[in-house]
Every structure is written in C-alpha cells, then in structure tokens.
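Participant: Reproduced below are the annotations present in TrEMBL:
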DOMAIN    1-169  domain 'Eph LBD'
DOMAIN    235-329  domain 'Fibronectin type-III'
DOMAIN    443-704  domain 'Protein kinase'
BINDING   Lys475  ATP binding site
DOMAIN    733-797  domain 'SAM'
Amino acid sequence: MGDLGWIAYPKNGWEEIGEVDENYAPIHTYQVCKVMEQNQNNWLLTSWISNEGASRIFIELKFTLRDCNSLPGGLGTCKETFNMYYFESDDEDGRNIKENQYIKIDTIAADESFTELDLGDRVMKLNTEVRDVGPLTKKGFYLAFQDVGACIALVSVRVYYKKCPSVIRNLARFPDTITGADSSQLLEVSGICINHSVTDEAPKMHCSAEGEWLVPIGKCLCKAGYEEKNNTCQAPSPVSSVKKGKITKNSISLSWQEPDRPNGIILEYEIKYFEKDQEMSYTIIKSKETTITADGLKPGSAYVFQIRARTAAGYGGFSRRFEFETSPVSVAVSSDQSQIPIIVVSVTVGVILLAVVIGFLLSGSCCDHGCGWASSLRAVAYPSLTWRCGYSKAKQDPEEEKMHFHNGHIKLPGVRTYIDPHTYEDPNQAVHEFAKEIEASCITIERVIGAGEFGEVCSGRLKLQGKREFPVAIKTLKVGYTEKQRRDFLGEASIMGQFDHPNIIHLEGVVTKSKPVMIVTEYMENGSLDTFLKKNDGQFTVIQLVGMLRGIASGMKYLSDMGYVHRDLAARNILINSNLVCKVSDFGLSRVLEDDPEAAYTTRGGKIPIRWTAPEAISFRKFTSASDVWSYGIVMWEVMFYGERPYWEMTNQDVIKAVEEGYRLPSPMDCPAALYQLMLDCWQKDRNSRPKFDEIVSMLDKLIRNPSSLKTLVNASSRVSNLLVEHSPVGSGAYRSVGEWLEAIKMGRYTEIFMENGYSSMDAVAQVTLEDLRRLGVTLVGHQKKIMNSLQEMKVQLVNGMVPL
Ligand code: AMP
C-alpha cells in the first residue's frame with residue numbers, strides 16, 4: 001500500500017491504480033493495457049530490495065491477465081505474457097541502469113485469463129506464479145516487469161527466502177539458518193549445547209533448500225547433577241515428602257523438604273490443591289518457604305495437594321498427590337469444651353496483636369519505607385510469605401499470591417505468575433534472574449532513534465555466539481544516574497524478561513557489568529504505533545487495522561493472564577515492525593502513583609495519561625486488567641482514527657468531567673459498527689461489565705474470519721451527532737477555506753489540485769462527487785472515503801456535545 005517508489009516508463013505504460021477487492025477492501029495494483037497498439041515495451045521497476053543475506057530468493061506474483069480472444073480487433077497486437085527481470089546491486093545506486101543490463105528471470109504466462117463477462121460478475125481470475133533466483137552475490141536487487149502488449153493487473157509481488165527456523169535437537173541449539181543458493185544443497189550447521197549440557201559428539205544438522213532440518217548427527221548430554229526434560233537440562237527434581245501440620249475445619253497446613261536434587265537455587269514453590277474429585281477447580285499458591293496454610297476450605301472434606309519447585313531453569317515436575325482432610329464441624333459442645341473456642345480466639349487475637357506490635361517496631365529499623373502494619377499482618381495471615389522488608393514493599397494484595405482455576409481458566413482476579421521486581425530485596429537479583437547479561441562488545445550501536453525516560457534509544461546490531469547478527473533496539477542509561485534511576489531503568493528489563501509472547505516486546509538482555517548500562521530488545525522497524533499511523537494516514541485496509549488491534553489484544557490477554565497490569569496502554573507505547581505486527585512495550589516501574597495526590601498528575605516527565613485511563617483508576621487508583629481494557633478501547637479508537645489524539649484538544653479536567661458525566665468519544669470515521677460497539681463496551685463505567693481481553697481477542701478473530709461483518713459502518717449522521725463539535729476537526733461546517741478544511745481532515749496534500757481545478761470555495765467543494773475526486777487524481781480509496789465522508793457530514797445538522805451512554 002502507499003507510495004512504493006516504483007518507476008514506470010514510458011509514462012503512459014504501467015499505471016498505479018487503487019481498486020477494491022472482492023470484499024471491497026482497498027488494494028493497490030499496477031496495470032497496463034496497450035493491446036491495440038504495436039511495439040509495446042513498458043517497464044516497471046521496483047525499488048531496491050535487500051536480500052537480507054539470502055543467496056536464493058523467491059518471487060511470488062499475483063496478477064490478472066485479459067484473454068486476447070475477448071478483445072475485438074485486438075488479436076493482431078495483443079499478448080498474453082509479460083517478462084520478469086532482476087538486476088543485482090549492493091546499494092540503491094543501480095536505479096539508472098539500462099534495460100539490457102537486467103537479467104531475465106522468466107516469461108510469465110497466465111493459467112487463467114479473464115473475459116469482460118467475468119469482470120462484470122466481479123470474478124477476478126487471479127494467477128499466482130512463483131519463480132526463484134540464485135545464487136545472489138550482492139546485498140540486494142531490483143526487479144523489473146516488462147510488458148510487450150498485454151492487458152495485465154499486477155496485484156501483489158511477494159519476495160521471500162526460506163530458512164530453517166532455530167530449533168533445539170539432541171540438547172543442542174541450532175540457529176535460524178538461511179537455506180543455500182542451490183535448490184539441492186544441504187547446509188551443514190553446527191549446534192551449540194544448551195545450558196547445563198556438554199558435548200558428547202559434536203552436534204550437527206543439515207538445512208535443506210526447502211527450509212527443513214535433516215539428518216541430525218551427534219548430541220549433547222546433561223552435565224552431572226542435571227536431568228534431561230523437555231529438551232532442557234534445567235529443572236529441579238520433584239518434592240518427595242510432604243507432611244501435614246495443623247488442621248482445622250477450614251484450613252490445612254503443610255510442610256515439605258527441598259527436592260533431593262534441586263539443580264540450582266530454589267526460587268519458590270508452587271502448591272496446587274483441589275477438593276478431592278473436583279480437579280477441574282483448583283487453586284495455586286506460591287511460596288518461598290517450605291510451609292503453607294491452605295485456608296477457606298470446606299469442613300470435613302478431603303483435599304489433594306501437589307507441590308513443585310522453581311529454579312532459574314524453570315519448574316520441576318509436580319510431586320505425587322498427597323491427600324489430607326479438614327476437621328469436621330463439631331455438633332455438640334460440652335460445658336467445658338464450650339470455653340475452648342473463646343480461649344483459641346483470645347490466643348489468636350493475642351498472637352496477631354503481638355505480631356503486629358513486633359512488626360511495627362521492626363519496621364522502623366529494617367526498611368527505608370513502606371514496612372509496618374501491612375507486612376506484619378500479611379506475615380501472620382499468610383505464613384507462606386517471608387516476613388521481611390522485601391515483601392513489605394510489594395504493592396500487590398496478599399490475595400494476589402493465590403490463583404484459582406476452573407476448567408483450565410483462571411477463576412478469580414489477582415492471578416499472579418508475574419513476579420513484581422519490588423519483592424526482591426536486591427533489585428540486581430531480579431534483573432539477573434529474568435534478564436541475560438550481554439557483553440557490550442557483542443553490540444554495535446548504529447544510530448539514535450528516540451528519547452527514552454532514562455537516556456537515548458538507539459538502533460544497532462547484536463552478535464551472539466553461534467547466532468547470526470541481527471538488528472536490535474538499545475536503551476541506554478544516561479551518565480550521572482542515581483542508584484534509584486539505575487534500579488528503575490533495569491526494573492523495566494526485570495519485568496519484560498518475564499514475558500514471552502509474540503505481541504510483547506522481546507528482551508534480548510541487559511548490559512550491567514560495563515557502562516553505559518543498556519537494555520537490548522528486538523528491533524521494531526516501524527517504531528511507535530501512533531507516529532506510524534499518523535505518517536500513513538488512510539493507507540490501510542480495515543482488516544489490516546483490525547489485525548493490529550488483534551495483536552495488541554492478544555499481548556494484553558497474555559499480560560492479564562500473568563497478573564500484570566500495564567497502567568499505561570496507549571498507541572505510543574505499542575511498537576510495530578515491518579510486518580505490521582504490533583507489540584506491547586513500556587513496562588516502567590515508576591508509573592506507580594505516589595501518595596501525594598498532586599503527583600497523580602505528573603509522571604515520567606509528563607502528565608498521567610488521563611485520556612487513556614479508566615475513571616476508577618483516576619479517582620481511586622484502582623488499576624486492574626479491567627482498567628487496562630478501558631485503555632485498550634482508547635487504543636482501538638486511536639488506531640481506527642490513524643493516531644488522532646483522544647478528545648482532541650480538550651483539557652484533562654474537561655475529559656475527566658465529560659467521562660464522569662457519561663460522555664464517550666465518538667466513532668472514528670468509516671469505523672465498522674462492531675468495532676465502535678466494542679470500544680463502547682470497553683468504556684463501561686462499571687469495570688466488571690467491560691469485556692475481558694480473551695473475549696476481545698475472540699471477538700476480533702470472529703470479525704477477521706468474517707470480513708463482511710466489518711462492512712456495516714457507524715452511519716454518518718449518528719456519528720456526527722456524537723461529536724463534541726468545539727473539539728472536532730471534522731464536520732464543524734465552519735471552515736473558512738478549502739485549504740483549512742483539507743488540512744483539518746489531514747488531506748492538505750490535495751489543496752493545490754483542488755484550487756487549480758476550480759474548487760476554491762466551500763460552496764464549490766460541496767458539489768464534489770467521487771468521479772470528480774478520481775479525475776483530480778485522488779486515487780487512494782482511503783483518501784476518497786475520508787473526503788467524501790467529511791463532505792457528507794458537513795451537510796448534516798450538528799448537535800453540540802457528545803451523547804451520554
Ligand atoms: P521508550 O522509552 O520505550 O518510550 O522509547 C522511546 C522511543 O524509542 C519509542 O517511542 C520508539 O520510537 C523508540 N523505540 C523504543 N524501543 C524500540 C524498539 N524496540 N524498536 C524500535 N524503536 C524503539
């Protein structure tokens with residue numbers, strides 16, 4: 001889509017034409033149809049294409065070709081083929097080379113051609129042809145398409161290479177490997193033994209031209225003390241002995257021994273339990289100690305427990321099942337026994353008070369801040385947690401240490417597999433647990449691409465041992481940082497390093513042993529989503545936009561399943577790569593609001609993101625996955641509006657007031673009704689009524705599978721009646737000039753054409769038809785729609801104010 005920068009000559013040969021496909025989604029094509037004229041020689045040259053190190057590339061063409069027999073009188077000159085060429089070049093200087101320097105790849109003929117009748121029925125007979133070229137010796141190439149008198153529409157050109165994807169086999173890791181130049185070549189690749197393993201016989205595999213790994217030879221073996229499991233040497237052995245402790249009618253206390261072979265430092269235990277025969281509904285508790293109390297149980301019921309340990313290498317296997325029973329409810333109480341509950345209650349209250357007092361006293365001496373009552377109470381109520389300052393700093397409820405599942409789905413909020421780095425006494429330990437240390441010498445910094453909170457963000461390359469060099473983004477910590485800044489900076493890596501999902505920005509590692517301190521992540525070619533959308537206004541199909549939203553929702557589902565609340569979800573915090581894959585980023589710690597109510601309005605050098613934040617999070621700091629869903633609705637709006645600022649220029653105070661009074665953002669232009677409805681659902685005042693991220697993902701999947709469901713748009717008149725006119729750039733009807741109007745709808749690029757063609761007043765513009773637009777050269781369907789919709793809106797009576805829900 002958009003301006004590809006391809007060159008056509010002569011000028012009246014190949015033409016770039018915007019069309020719609022059978023689903024009425026806009027598509028771009030290059031077309032030529034000079035079938036009636038003799039001696040045609042029309043060239044279309046692509047821009048330079050990097051081969052990314054591949055020596056054999058594949059070119060897939062999709063095109064339609066008109067049947068010469070269907071052309072009256074054209075038979076003498078009409079052709080049914082065209083030619084494809086390439087020219088290798090290390091850089092973009094090869095652009096001016098002559099036709100005869102191009103090397104022919106093939107003559108392309110259609111398997112299916114179409115007649116006019118087919119066109120009438122909108123049956124486009126799309127041909128797909130694939131050719132390959134190799135060996136390539138330079139860094140890239142140009143493609144060229146030569147027409148000699150056919151009637152062709154080139155719909156897509158896909159250039160790709162094949163690779164054997166990185167894999168672990170026989171405990172050795174084999175890197176991503178681009179296939180060889182020759183179609184029968186097998187590339188021998190050496191594997192590298194995974195952590196905690198050593199070479200037995202040098203591991204090797206062969207990468208075939210089709211991108212398949214073949215013929216593994218040799219292997220690695222786990223080092224002494226490590227066991228092989230699921231292609232790793234890494235996990236602790238199961239806990240083998242579990243003993244019951246105190247049992248009451250509602251609780252069971254357990255203790256256990258460390259596994260015989262911990263194979264590393266045990267970081268925590270996971271205890272899974274469920275009522276006997278009710279396995280589908282289970283609870284998980286995490287504990288750093290070897291004791292826990294499961295409470296809230298039914299009296300006189302049997303419960304099944306299983307425990308597993310986690311080291312830096314991951315979880316070990318679960319222990320065998322241990323079954324214990326809670327005490328039954330006592331039926332009759334004798335006069336002597338009747339005193340017992342009172343004594344027990346008194347003793348318990350006494351113990352709690354004592355613990356609270358001790359905790360209060362200790363808190364003053366062991367912490368900088370944040371200790372005290374909460375930590376003391378927590379230690380009593382949840383013996384599984386250590387009573388130390390590290391935990392007292394945790395900003396999560398004790399509830400969040402527990403997870404409840406039903407039928408494999410989490411039952412209650414407060415899921416917690418994400419570990420808050422604040423819970424570590426030593427933040428360096430958290431960084432090193434979750435992030436790999438990278439040597440600075442493996443990183444090449446190329447250029448500055450942005451400014452982060454703590455220093456510059458650069459692009460560059462990372463070369464890890466046994467891997468091909470690949471592009472990365474590098475965040476640096478500026479010199480002269482304080483210890484707190486270093487901690488907060490690396491905090492982002494401690495969080496990011498816990499996530500592994502295609503829609504979450506991937507952490508490669510950190511540099512902490514030398515200066516500058518750096519965080520290295522995967523590189524996202526198109527940068528942040530808001531800027532990218534603004535730059536490419538109107539250029540994507542609805543399906544492409546929904547694809548982006550689906551990716552973001554999927555990343556957010558993963559985060560909410562992990563128990564991580566983002567708090568700053570906005571298009572500016574989404575990164576997008578060259579394949580238009582969106583990934584959630586920005587996992588700073590410092591956005592936790594401080595106690596000072598004024599501080600709620602300043603954060604990270606800017607304002608708290610009022611426009612993106614749910615009302616309950618603004619008013620009483622209730623940040624949850626449901627408040628992230630609200631923000632997600634705002635991101636949907638930003639995406640469908642190509643990066644427009646939510647609530648335009650309204651002040652934060654006006655936004656808070658309007659939202660509190662029940663007003664909501666209006667639908668973006670051309671927005672499918674189903675998507676706007678989803679936005680409104682995300683902006684429900686009652687946070688429990690908002691959809692969950694898994695529901696959002698399923699809903700978007702459904703829309704993508706059934707694109708016709710996206711054809712019903714929010715109709716223009718209802719959309720306009722929702723606008724807050726004073727703040728809307730569109731539809732106010734009060735534009736003083738054509739230029740001002742086109743600028744307001746971000747179509748300023750057409751001002752000159754409009755003026756030159758006599759559309760110099762708003763009255764004249766009001767008469768413009770779609771045909772006129774095409775004639776003026778507005779060929780992009782997205783732009784045509786934008787202009788036509790705005791004109792239509794200007795004709796509709798406006799109502800001042802957004803409509804209450
Ligand atoms: P941040 O500090 O994460 O907000 O990053 C500041 C800016 O740097 C972003 O707005 C992006 O433009 C750019 N940036 C950050 N991370 C990446 C990345 N992984 N790939 C490409 N650009 C990035």
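Heads up, the Cβ atoms here are built off N, Cα and C, so glycines get one too.
Could you place the listed features in the three-dimensional structure?
Facilitator: In the predicted model, the domain 'Protein kinase' (443-704) shows an average pLDDT of 88.
For Lys475 (ATP binding site), the same-chain residues 6+ apart in sequence whose C-beta sits under 8 angstroms from its C-beta are Gly452, Phe454, Gly455, Glu456, Val457, Phe489, Glu492, Met518, Ile519, Val520, Thr521.
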Participant: Mind tallying the domain 'Fibronectin type-III' (235-329) by DSSP state, helix then strand then coil?
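Facilitator: For that range the per-state counts are 0 helix, 46 strand, 49 coil.
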Participant: Under a three-state reading of DSSP, tell me whether Lys475 (ATP binding site) is helix, strand or coil.
Facilitator: strand
Participant: When secondary structure is assigned with DSSP, how many helix, strand and coil residues does the domain 'SAM' (733-797) contain?
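Facilitator: Split by secondary structure, the domain 'SAM' (733-797) comes out as 41 helix, 0 strand, 24 coil.
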